[in-house]
Amino acid sequence: MMRTVDHARYRLDIQGLRALAVLAVMLFHYDPALLPGGYVGVDIFLVISGFLITQQLFLKKQAADYAVTVCLRRFYISRLRRIVPAYFFMLLLVWGVAKLLFTDDDYAYFFASLKSTAIFTSNQYFAHFGNYFAPGLAEQPLLHTWSLAVEMQFYLLLPALVLMLSGTWVKRVIPILILVLVLVAEWQLRLGGHRQETYYALYSRIPEFLVGSWLAISVVGRDWSQRCADGAILVGLVLIASSLFGLNSASSFPGLLSLPPVIGAALIIAASRSRLSVALAHPVMVWIGFLSYSLYLWHWPILACIRYYTGSQSLGLQATLVFGFGTLLLACLSFYLVEEPARKLRLNVLRPYLTVPSTLAGALLAGVGLLGLYQVAPAAKAYIASAGLGSEYTRYADPADLICHGSDTGHCVKGDLTSELEVLVIGDSHAAMLNDFFAELGKEQHFKARVLTASSCIPIPDFNISKLPEWSQAQCLDQIQRVQTELERDRGRVLVLAGMWSYQLQDSGFAANLEAFLKAHRPDRIYVLSQVPLWLKNPMRIQRFASLGLTSRVPVDPAYRRANDEISRLVKSSGAHFLALDQLPIFSQAPWLAENLIYMDESHLNQVGVRAYAQAAQMQIRALLSHDAP
């Protein structure tokens with residue numbers, strides 16, 4: 001018969017372990033180079049949560065006055081009281097900052113994440129987040145809520161496992177579930193090609209909770225000698241340290257690689273008799289452990305907003321100080337004014353005091369629901385119209401004029417549709433932004449252009465698709481095949497390539513691949529366009545900041561010049577033509593032209609810019625067409 005779980009003394013060492021976990025996560029988020037595997041701090045949190053919650057449930061189950069309904073009610077009230085008040089306090093403040101600071105386009109993405117975050121499904125949202133124009137994940141203030149969503153979802157499952165099954169069955173079932181789910185996650189990571197989805201998935205994190213649950217139910221470590229406990233905690237620390245410094249963002253995680261830090265955390269929790277636990281129970285570590293939830297809630301939104309404003313992933317001294325003091329200040333306010341008062345409320349007096357947090361939560365949910373009626377879906381980012389500017393300033397194509405970007409279901413042919421003269425235009429989004437360019441010039445100069453593009457992809461044979469995000473790989477493959485079909489249909493027509501060369505040349509094999517493609521076709525009929533000027537900061541954001549009285553400049557990124565020089569040499573040596581359109585006078589005052597903003601982000605022209613670009617390049621395009629005159 002299974003031994004009864006004792007009422008454990010308050011575990012200060014577990015608070016110290018919480019401190020270790022949150023500091024690891026914060027350091028990783030601040031600069032991954034300092035602690036490449038710091039993200040495993042989340043997994044340590046999940047083990048701790050599984051251990052403590054299962055222990056509480058099992059103790060209640062063994063009580064003389066145990067009743068399932070009463071136990072469940074108290075369990076969920078305690079979880080909501082622990083998580084929800086500080087959580088919604090953070091959401092409300094971050095919502096206000098995002099509404100003030102973000103451009104309308106970026107706010108649309110934020111609001112989509114807010115809606116899922118408010119109902120604890122943000123792990124599912126971020127599992128499928130991303131397109132070429134989406135803000136980087138590092139600039140998403142609510143990205144970190146995915147782990148809290150996973151935790152809340154797990155709480156819907158755990159009571160059924162612990163309360164409905166006998167202790168003996170629970171002990172047998174948990175190891176099987178851990179093994180099966182770890183292997184499923186590993187399969188999805190290694191063979192399924194679903195890294196992003198697997199990272200945020202509930203099923204891939206359940207094993208981490210269950211390790212803690214099994215630890216609590218099996219009372220592991222209760223009979224260990226002090227010497228055995230000392231050895232266990234040392235092994236646990238080594239396992240965690242090996243993950244903190246041995247893993248990185250490219251590791252296939254969680255899956256099997258999650259086992260070392262998870263087992264390490266379990267060993268430390270089990271080794272409560274160890275003399276080394278004293279270090280974890282140090283007052284400073286314990287205090288940080290108490291603050292850990294609020295620290296976790298606030299550190300990431302502050303980092304994301306700083307990076308959004310500066311346009312840089314790395315933080316200078318001033319930004320670092322803002323991050324450090326801002327996180328500590330808001331965490332303390334959240335802990336002492338929201339989290340602690342809510343946690344200390346007794347169940348029998350809870351209802352009256354839940355009025356304020358319930359009102360805040362209700363206001364947030366209602367606001368999210370109402371404003372959601374007016375929000376544009378994230379997938380439409382390239383076409384989103386801004387309330388502060390005309391839509392032509394915030395997009396490079398009209399949503400009603402579907403373009404063949406990642407597909408062939410739109411209007412692929414632009415310009416004079418009655419003309420027999422057709423050129424083929426291919427490339428990444430820098431070619432896609434030229435749809436209006438060729439539409440205008442085609443009508444003026446009596447030709448048509450078939451434009452086939454894909455995000456981050458130059459659709460030529462042997463392009464390195466593996467470097468692309470998962471969501472864009474299939475689109476790239478499809479466009480490569482379509483371009484190949486078009487080239488076989490008419491090998492004599494003029495071919496135009498456009499791309500973000502500063503990005504494409506980051507792949508060591510791209511230059512050789514492009515050169516081979518140029519030589520394999522008729523290079524005398526191939527024209528490669530230069531990349532337009534590139535900026536280190538988003539001009540749209542700078543304009544937004546200026547409207548708030550925040551001063552900032554838009555420095556040019558010299559990477560585009562180096563890339564154009566390299567592509568120019570390669571193209572000319574292959575016998576093809578290079579058009580240095582970035583030297584046109586239109587860019588002399590970029591990213592503005594006659595006080596009008598002509599960029600929609602750091603690298604893409606908006607519709608205003610594209611049309612001005614077309615007029616400025618008339619002579620060069622006319623010369624290009626002279627090689628294909630009927």
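Yeah, the Cβs are placed from backbone N, Cα and C, and that goes for glycine too.
Note that the coordinates shown come from a computational prediction; the quantities given were computed from them, not determined experimentally.
Under the heading domain 'Acyltransferase 3', TrEMBL lists 13-335. Under the heading domain 'SGNH', TrEMBL lists 404-615. Among the features that TrEMBL reports, transmembrane segment is placed at 36-54, 83-102, 146-166, 173-190, 202-221, 228-247, 253-272, 284-309, 315-338, 350-374.
Between the transmembrane segment (173-190) and the transmembrane segment (253-272) there are at least 3 Cβ pairs closer than 8 Å, counting only pairs 6 or more residues apart in sequence, which means the two stretches are in contact. Counting Cβ pairs under 8 Å that are 6 or more residues apart, the transmembrane segment (83-102) and the transmembrane segment (284-309) reach 3 or more and are in contact. Here the domain 'SGNH' (404-615) has a mean pLDDT of 93 out of 100. With a cut-off of 8 Å between Cβ atoms, the residues of this chain six or more beyond the transmembrane segment (36-54) that come close are 14, 17-18, 20-29, 79, 147, 150-151, 154-155, 158, 162, 205, 208-213, 215-217, 240, 243-249, 251, 253-254, 258, 261-262, 264-266, 269, 292, 296.
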